[in-house]
Amino acid sequence: MRLPWVIFCTVLLLIFTNNSNADIPGCNYYDTVDISYIERQNDSYLYDDIEIPASLTGYYEFRQFGDGSITPIEKHLRACVCSVRPCIRICCPAKNFLANGKCDDGLKEELARFKPYIYFTYMDLQARVPLTDMAIIRDEFFDCDEMIYISDFNYFLEEVSIQIFNKCGLIVWFQDGKFWVTVDLFMEKQDYCLYRHNFDSDFPKSMWIIRHRCTSHISPGSLEILIITMICFVLTIAVYLYIKKLRNVTGKCIVCCIVSRFIQCLIMILDHLNLLNGICSPAGYSSHFFRMASNLWLSVISYHTWKVLTSLNRVDPNYRFLRYNAFVWSTAAIMTGSIYIVNQIWENDPSKWNWLPLVGFIRCSVKDWHPSVWIYISGPSLALSTFNVAMFALTAIYIRKVKGGINKFTNEEEGRINCINFDSQTYLQFLRLSIVMGLTWIFNVIPYSARLHIFWEWVGIISEYFHSAFGIVLFVLLVLKRSTWTLMMDS
């Protein structure tokens, strides 16, 4: 009877051992760096010329964010580098991150050229420390990041005594003041990072820092839904290209819209999986180009549908599709080119950072948090969505008018009086029109800043899931209908 008990205890021990996280004792997660790509030498690891003993390393199976949330990731080795040297966090754009986790933005060369330093005070000790003698942790940008000039806090710091700071830990001293940057009162160490283009001015008398205001996560299951959506996109395109009667102007516009949305979804997935190293910026501009193109195609489809249904001439001339192409691709190119020029001109100017589109900084796409998104994304999208709603309303009114006329004529012929009656096919037709004409995309215009309210937060979540499944909805409404299957059988 003892052997089964021993086996049971052994199995439990293995389970708890495998599921436990090998945290480094006495080390904060934000004081660690990923050293999975560094080989072990003489019972230590060499990280940026800093020798870290193996006793200060451990395996982690999670990633911790500034808001305290944890995401499971692949098991990797981390080292408590801040136990060896004082640390400073400097932001690194997504476009400069390499596959091994290093940042290739020329920071080392700039530090060697300008030789910047900061003053540290801990308890009663003060020291002037060059940044080249510190452990530099390259921090990433997040969705709600905000650029802050450090002198904005000086007036507040003057009211706080030095004794309060000394109890709290690290202080950054300037020649004409002091600024606390670590724990407990203003910002935790994970809530900020220094801006890269800081050291050619009057640093450290003043500096620009990036404040991480929030951490966003991809909604559970949305990545899987996007993959299924892309499969449905491919199937829908194949059906529209296979059936000759669907290769009219409307069908071609739908195919172009789906292709644009497919490329946008593909870049989004690759960006989330960190597979765009080396091509982050080109991928980000391409994503914006095809995002705006798909929105423009929805407006073209809305206009063309209204034009065809309300026109006595139902013939679709080929030149009309060529005009649509010229309008969509040129407009999308102008929109993308404008944000490219803005980024190139003011990318290194911290004072204008908050208003930049920041392609390749937060992710490989245009940022979507700040009033400036109304210039680059939300404003144009709202205008196009409003146009789509207007076209749908005019089309629906026309269909209702025609249906009412037909019902009235039928009732007069049969000698009876009846109210206008819409059957299920009519409602299904309205549903298809609302989807094809992009009626629902107006909810996607809600900025993330407005989603801090609980109601708009839920509207945003529902909209995100629905539009992640947009390809599935299109496939069901356009391909799985009876008329499409009949055309497929006849082809």
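Glycine too: its Cβ is placed from the backbone N, Cα and C atoms.
Membrane topology from Swiss-Prot places TYR192 and ARG247 on either side, one opposite the other. Candidates considered were CYS82, CYS87, CYS103. The record in Swiss-Prot pairs CYS92 in a disulfide bond with CYS103.
Using the rule of three or more Cβ pairs under 8 Å, pairs at least 6 apart in sequence, the transmembrane segment (459-479) is not in contact with the transmembrane segment (326-346). Minimal Cβ crowding within 10 Å, among the glycosylation sites ASN42, ASN248, is found at ASN42. Residue pair ASN42 (N-linked glycosylation site) / CYS87 (disulfide bond) shows a Cα separation of 24 Å. For the disulfide-bonded residues given as CYS82, CYS92, the lowest number of other CB atoms within 10 Å of the residue's CB is seen at CYS82. Taken together, the residues in the topological domain 'Cytoplasmic' (274-325) have a mean pLDDT of 88 on the 0 to 100 scale.
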